[in-house]
């Protein structure tokens, strides 16, 4: 560039970007498809109880880290915050299951997390740590985990996430003070507070408030529109991505070329601005960081648009938020930048690269805010930098529909508590406006991925149904002392994870619900081979002589025994196994004429995986069916009762 | 004082204080005993589902406001923050039930809140608004409500409390800018951020961290000790208070005299300090506000202890937090102040006056912190004002055991995000240390008041019991079509609020659980007089021709029909009433051999009031009993099974 070989520079630029982008896409496409995208919807789904292995697998972790580094380097309009949340959750999952047996990294001393509840808590803490590290916002991390990520909140979780982020921030602070010498690149720039604005005056009048409310409404509209576009684009992409790994890479490379063309081409359209005389030494800047990029301009001039595009995202945001720099960026520059970032943000989210949404949204919001500020300058006395901050807040509120956490994260980013009332106001308005149109972007994503996410509120169609209406298909039960062959056959033929156990004559006077037994426990019990010749109780002592209670603990996700691993002889298949010791004798139950909506509240409220439906009359067997997560999915219910008019 | 008539001044001072104190105590003792104390434990209990009328009655509201004003004016060592939380909750309750019929203030348009869930949400918002107003900390208010006050948290609640506190802070800001002219007394001083410290440098080394950790440990110990003393003192006071209103007033007056003697007497023991020469105009100060009180000292001198005692609490805290004023207060002054405030704080909490704990705890913590800072000055380079802030945080953490909310409240009070890592660290350590000894002060208070509070965790003794073990006494059931006389008799003879309804032959082949009916609904139905001559179903249409569904809505707390209000003739008593239309046909149920601990999780998790225990065998009636809140109380269970060894 300095030697005016622009075409050459463009070819090198586009070549580097596309190569990096293709590498990131290849990593995602071939090794861990689950690592693509933000990762927040996946973590949200996991914490809702969807135990898909790939979401938090070690391979996902590795691809997420390197893919995110490559993706950001490729100059895409994407952030690293979402991937950091996913990374935090993956690390937590990795530690919680005691390492990875597959990669030869195991610690057996972490036995505490061998159950769903504690593992979920740990992963919540991991997600909080991710946000805390990404924004250097410990309290914001706690609130983000609570507001957006978890489905079940307990008071003890608040305290646990808080401890995690406290450790994160101490470590961060140590690293920043270590890096202040400059030997870690750009890390450490800005200190613990990334965009410190605390010197700003915050006096505002009623007129300013009206302007701020307008910002909130505009941000809400923009956010809702953004979600709509993202949804459409993702639908198109998913058709392309289904064709295989190669088409994913081609798509990613195409978007990368478009991005490069925009960022390199658009600055040519803007005129050069002469450097402000007071900044003679700093303008134009040469180097990775700095506000005034020379680009194609003559000496002593800078290209405003290039200063925004060819800067680190952090610096671009800092520039947009900065006060007293009304003249630095013209309205045309800001408008071009806003449109480009908005469009590229929509296009980029969904390619097979780890990509966060925070940075594009903040960038687009901030540039739009400055633009609005310039237009409203006549009626409002607020600084345009302040407009940028407020509109970033309102756009965040409009897309993600978070309130407290965005508010606290922005405060921790900017260190200006005087702005709190304005930020709160703008967030409230933006969320209210956007909620009229569609859902938050993460919720939308969870739905689009087809994950069986349990919503807080029961669907209206559930109110006119009872629990007995949705249990369908033949119910598979086991007797409390069952033939080994029957158990193995049952496990082979069905994929169910829970089976009701019925106490049958002669052990009981009449068939009676004994409890619920889990597939994983059955497999461990069968592996232990405590069988009897006749149909008789073996007793718990017998079983636990061979197996320790810890053998029944939940295995790491994706691990654990499978039916095919069992190797039982013909003779053993004809023996009997006593299920009493492993039966959960206190399953949560509902009666069959329980309203389905209330059953859904119970199911979600207690974070269940199985719920027994018991019969009311004595002429039928004691258990009518088992409700699982899928029985509460609206599409399943609509399939069963297509004519149910939602009230 | 200015004329050296010290004895006279003392008499006037003590007289005023005691009169004010006695007036506050009289208000509390005669009009609304529930208004005494902080009020946070009561709000906590209400939001846990304890629907005691007096907690949020309009009379409590009035006494709380005026009592708190009188109590603060009387010079007690108490805060106005706890009462403000209670006030906020009372106002919310008042609005939520559509005004008060008793005082002739009613609005019938608020029909939205005629159920437990929405009313609880509204009151949570009220409590958040209280904190937001007290500390001018909107986000802190939201977090306080979530961390300390509510028992059930939903994501929508976060958003609702956030909107409430946003409105609070906008109103506050408007009032402050209106009051800046000085025509509202001291209100508005300090602006939205009460103790702005943002100019402070926050560079710290490993040595400083060690000092901070020590502060955390000390704060935790002090906090645990404080809770222990408060508990003991309250036990003694409750014996005295039982003797009647007069003894309450005498107790309050006595504590007031002690407080006055301490605050007036102790400054005599300290020597006078010459005013710093650079503050010639400001020292000594005359007037309500200001840092340097002359007291008995000669001109040009000030009395350091009097400057702390005879100042508004806000100013005293601001003095203690202020930086670069190491010489202003000597170690002896600080020690005397700390001991006095600590002791008086313990003594005052529990007298019949609305009293908050925040201010005494912050004052004691800050003075102790400055003292520690002075002692540790040689090894730590931190400012003593910073020590004061950190120790206030650690003492708050040690007494109240809150983490995120205290952290955010302190940030919003001081506007210094650079201190965040240190505050988080200190809070974590203090809470961990204090949790080894006893519970948080509010939980302790709820227990001591004997309120049936449902804990998050099931008691260990519940794990070895099943649901059927604790349902005792004869079960009272109603038939689905019941004689009016029987219903009235049942309502008269028992105080139960829920009755299982059994479908009996000839309406069903065998006795079958039909659902659950509430006392309040039964009363409304009887009042409606839709009776039949024979035992036959009347149908819902018949009932709802006379009664609108809204008639069954939950009445304002303490209102609603009573059995005595019914006026039925002999003939009507012999008729039948169909309970089907008002029966909740989907009650939550557990089987009788369900683990009691799991039943407790269900009961609390879904915020229930009644839970049916259904039988497993067919030879017994379908319902074995009803579980209510009281069946889960540890003392009740221990009464039933005194020999159960807690595992």
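Keep in mind that glycine also has a Cβ here, set from the backbone N, Cα and C atoms.
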Per TrEMBL, the transmembrane segment among B:157-176, B:177-196, B:277-296 spans residues B:157-176
Of the residue ranges B:81-103, B:104-126, B:127-149, B:357-379, the one that TrEMBL records as transmembrane segment: B:357-379
Let me spell it out: take the transmembrane segment (B:157-176), skip the flanking residues so only those 6+ beyond its ends count, and list any with a Cβ under 8 Å from a Cβ in it. 121, 124-126, 128-129, 132-133, 136, 138-139, 141-142, 145-146, 150, 184, 187-188, 191-192
Decide whether the stretches the transmembrane segment (B:357-379) and the transmembrane segment (B:249-269) have at least 3 CB pairs under 8 angstroms, with pairs required to be 6 or more apart in sequence. no
For the transmembrane segment (B:249-269), distant same-chain residues with Cβ under 8 A (at least six beyond the ends): 10, 13-14, 17-18, 20-22, 24-26, 29, 74-77, 237, 240-241, 295-296, 303, 305-306, 309-310, 336, 340, 344, 347-348, 351-353
Tertiary contacts of the transmembrane segment (B:209-229), as residues 6+ beyond its ends and Cβ separation under 8 Å: 342, 345-346, 361, 364-365, 368-369, 372, 376, 379-380, 382, 387, 390-391, 393-400, 422, 425-434, 436-441, 444
Averaging pLDDT over all residues of the domain 'CBS' (B:583-643) gives 86
